[in-house]
Amino acid sequence: GVWRRAWQCGAGGPAPSRRGQRAAASSAGGGAVPVGKSGLAPWVPVVGLEIHAQISSNSKLFSGSQVQFAAPPNSLVSFFDASLPGTLPVLNRRCVEAAVMTGLALNCSINKKSLFDRKHYFYADLPAGYQITQQRVPIAVNGSLSYSLCIDNKMSQMVTKTVRIKQIQLEQDSGKSLHDDTRSQTLIDLNRAGVGLMEVVMEPDMCCGEEAAAAVRELQLILQTLGSSQAVMAEGQLRVDANVSVHHPGEPYGVRTEVKNINSIRFLAKAVDYEIQRQIEELENGGTILNETRAFDSKLGCTVPMRDKEGKQDYRFMPEPNLPPLILYDAKSLPANMNHQQVVNIDWIQERLPDLPSVKRAKLVERYGILPEHSFALLNEDGLTEFFENVVKQTQMKPKKVIGWILNVLLSYLKQHSLTVKESPVSSFMMADLLNLLEKKEISSTAAKQVLAELWKGEGKTPLEIVKEKKLELIQDQKELEQICQAVIDGQENE
């Protein structure tokens, strides 16, 4: 069976049964086909993602209410957010620019004219009974995202894949329902209602949890590089819905299930792989797959049903009557007499795009001669690239040796103590001092690790002070070494 390769890729999830190992599957390298029961009927898993990214802005999409995580409940709610009669939406320019910036970074075509629609559904945390979104003509379409992943968990063996981006649309977030089971009541917090979201819809081009996780991680890095979203999943700023189905080669796609609101990249990989395995085992046992919405239970490591989608939901989409079409310009179409402060210029945004993660990695490899997989590790940890570059500037050690100390020693300390790079008690200046002592052969590699352990305590001592205090210097004087050796030999004779 080919499931084995998927699980070896580190996607995680519950260990597949024997039948699951034969039946399920996908491969990081692509090309392998999951084999069915008795090896006769192969299965092809299909994974597509819908990702909601909260736009990094001071105020909401259509109101002046402040955006702030963990504010007191219902303290950031305007009349419009609460949907009081007579209130009207006013579009936030910053949110439009963030969506255009994201679309350009994902190789999308930006629609110079996009439209807003009402999507109707009734829930307690949606006061208006509808959400303002972009169903007919979104702000950006037809893009692509390249991402890399390792084969068989080996960082030295990486493949690059591409997932197509169907569209990016602007829409409002809903509020938050807090269910109090002990008192049998539900409390509503509308602070999040109306916060600007970008929904990034990916085509079903992936085939396993690891691919889905790698694509979302790359998207997260791009959003953070652009500043269009902070994309902190723990704070709900990046939420993923995964659509999963399986089918035989040459046949139409199978019935898909949607795993909703996954808030961790690790959980995404586990949820997708579990769902692929569950569907294949269900079909091979003669069952059917329901078109339903499921949730991922991280404690049990499995997906559980939430609600069925057999009856097509009627959202009664209609044009938003209170918002005109969103018109964007480029250098050619911008009228001469137009006030530049009143419009969004696509070319102006394009010219100011920062280096994207893929470009940053290539520059790190070229500038410092490090391995490509090391550049991935540097960018995956917030602030680690800057830490590494600061150490390189201040030390005589070659970057190829510095990277080993940063990734193998410092990073393991940080993960062991659940600290970010910015919270590290060892500064880049201290690390450079330590590596200079090592490079000058004043201390050994073993002694350097001892010094780092002392620096980690944050007592304010310099590496040199610790070396002298602990007497960790390497002895360079040959006569002194001879005396020590002679003393050891003499001591053995006396015994």
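Note that the numbers count up from 1, one per residue, in the order the chain is shown.
Backbone N, Cα and C define each Cβ position, glycine as well.
Here the structure is a predicted model, which means the values were calculated and not measured.
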Region 'Disordered' per TrEMBL, picked from 1-32, 257-288, 289-320, 449-480, is residues 1-32
For the domain 'Asn/Gln amidotransferase' (386-495), the DSSP residue counts stand at 78 helix, 0 strand, 32 coil
Over the domain 'Asn/Gln amidotransferase' (386-495) the mean pLDDT stands at 88
